[in-house]
Amino acid sequence: MFSDAIRAVILGIVEGVTEFLPVSSTGHLLLAERFFDLGSGNFWNTFTVLIQLGAILAIVVIYFEKLWRIALGMFSNDADRRFVIGVLAAFLPAVVVGLIAGKYIKELLFNPWVVCFSLIVGGAVLMWVDQLDHKPHEHDATAFPLPMYIWIGIAQCLAMIPGVSRSGATIVSAMLLGADKRAAAEFSFFLAIPTMIGAFAYDFYKNRADMTTDHLGIVAIGFVVSFVTAIVVVKAFLSYVTRNGFTFFAWWRVIVGTLGLIALALGR
């Protein structure tokens, strides 16, 4: 239906748009592959992991000054050191659960039905949290208390279920724990860096035999498209949610999940 280059562009756009929005990039990629013949098989499964690095690079570029300052100061500045420890503490639960249960989660839950139900349920939760009488007391993503970082990391484990959304789980948990909307979103971005690099390294090592030099051009296309798209989306997303909240994204999830269920019921 599509050439490999067009598939790479479309999947790169889907990844760049959805990775940092609370709508589940994995869920959208699985549905795109299912309904639009955008590639399946070991190479394309690995491809969707590889292009996440483009989205991660976008976060590094956007927050480079802050991340560089923290990297330089983590051995001499208590606040920077606490933040690095907090990110690592939030990252650790996903490592443990992924190593123990990741294989079984992929075998049992990586299907379009689970994605659609997760999108709908997650949308309802996001809408509920967004409409709470929220009185935030944490306004700096780099200065949350350590227990808060740990709880956010535990919540992130729910995102191993396709359709839940890593950013959605971390943003919702951060807001319930007292973060304002912008701080919740920003910490979700920061936590994505080690989480997604770890997922990439693990999946790439397992599936390295499926990659050849013939694939480099296709991967490069997806990587660049994902990077450029993510830069635009992240900047717009922060501005939007600070003013308007997350209701739009909650409805997005519900609508996509419902349309997906209808398509599946009709035999697509």
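The chain as shown is numbered from 1 upward.
Every residue gets a Cβ built from N, Cα and C, even glycine.
If you check Swiss-Prot, you get these features:
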TRANSMEM  43-63  transmembrane segment
TRANSMEM  83-103  transmembrane segment
TRANSMEM  109-129  transmembrane segment
TRANSMEM  144-164  transmembrane segment
TRANSMEM  184-204  transmembrane segment
TRANSMEM  218-238  transmembrane segment
TRANSMEM  246-266  transmembrane segment
_Long-range neighbours of the transmembrane segment (246-266), counting only residues six or more past its ends (CB under 8 A)_ = 21-24, 28, 31, 35, 112-113, 115-120, 122-124, 126-127, 129-131, 163, 165, 168, 171, 181, 240
_Cβ-Cβ under 8 Å with the transmembrane segment (184-204): same-chain residues at least 6 beyond its ends_ = 19-20, 46, 49-50, 52-53, 55-56, 59-60, 63, 87-88, 90-91, 94-95, 98, 102, 141-142, 144, 152-153, 156, 166-167, 170-171, 174-175, 211, 234, 237-238, 241
_Winner by Cβ pairs under 8 Å against the transmembrane segment (83-103), considering only 43-63, 109-129, 144-164_ = 144-164
